[in-house]
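J.: Below you'll find the structure I mean.
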Amino acid sequence: MSRKPLIAGNWKMNLNHYEAIALVQKIAFSLPDKYYDRVDVAVIPPFTDLRSVQTLVDGDKLRLTYGAQDLSPHDSGAYTGDVSGAFLAKLGCSYVVVGHSERRTYHNEDDALVAAKAATALKHGLTPIVCIGEHLDVREAGNHVAHNIEQLRGSLAGLLAEQIGSVVTAYEPVWAIGTGRVASAADAQEVCAAIRKELASLASPRIADTVRVLYGGSVNAKNVGDIVAQDDVDGGLVGGASLDGEHFATLAAIAAGGPLP
C-alpha cells in the first residue's frame, strides 16, 4: 500500500520559545499548504517551546503538527522532572519520541522503559515514534539487522497488535547521528524492510503494511529523495537540518515528490 511520508524535525535541546515561534513561522512561510496533501510534517521541540508552538499552530490554523521529545511512563505523581503524556496531549501534541539513541546512551534507557513509554503514549492518544539503531561496531561486525530486530521486539513488548499499528518506528544508526555520515539508501532499506517483516510477525502483515518506518541520521535535502524512494522507508526523523526553516521545508517538499517550493 501507499503510506504517506512523515518528515519529523527533532530540535533536540535547541531554541528557546521565541526562537521556536520564528522557526515555525519560517517553515509555514516556506512550505505552502498544497504539500501537506502528500507529506505529513511535524516539529519536535523541547518541552519549554510546546505551548508557544501550540498557540501559533492553532492561531494561524497551520497544517504543521508537533510533538515532544520524551515522556514519563507515569501518568502523574511524585516524579520530579518527568512530563506526563496527559500534559502533552492537553498541549495538542500528535507525536512523542521514545527510545532515541541519546536517551538510551546518556540516560541509560533500556528497551523495557521504552516499551513502557510507548504504551503510555498510546494510552493518552499520542503516536510514539519508537527509535532503534546500532552503533558502528555492530554495523561493522555485520550484526546490525539482528541487533535492530531484537531492539524492536523489546521496545514494543507488551503492545497488542492493533496498538503496534498506531506506532511509528524510526531506524537511526547511531554512527550516523550528527556525524555527517549517512547510511546509504540501500542500507536504510535493508534495515527498514527487516523492521516491517518483524512487525508483520509481531502484529500481522496487514498492520505492518500500514506502519510508517522512518530513517534518521544526518538526513538533509540532498539525500532525502533517495532515502524516501526506498520501498520500506516512509520518511525521516531529521535532526540538525530541521533547525533551518527553509532547508527543512525544502526537505519536506522533496519527500512529497516535489516540485521545490
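Note that Cβ sites are derived from N, Cα and C of the backbone, with glycine treated the same way.
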J.: In Swiss-Prot, the substrate site includes N10, W11, K12, S218, G239, G240. Which of G178, G225, G257, G258 does it also list there?
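T.: Record check against Swiss-Prot: substrate site with N10, W11, K12, S218, G239, G240, extra candidate from G178, G225, G257, G258 is G178.
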J.: Between S218 (substrate binding site) and E172 (active site, proton acceptor), what is the CA-CA distance rounded to a whole number of Å?
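T.: Cα-Cα, rounded: 9 Å.
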J.: Quick check on the binding-site residues: of G178, G239, G240, whose CB has the lowest count of neighbouring CB atoms inside 10 Å?
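T.: Output over binding-site residues G178, G239, G240: least Cβ neighbours within 10 Å is G178.
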J.: Could you state the whole-number distance in Å separating the C-alpha atoms of G240 (substrate binding site) and E172 (active site, proton acceptor)?
T.: 14
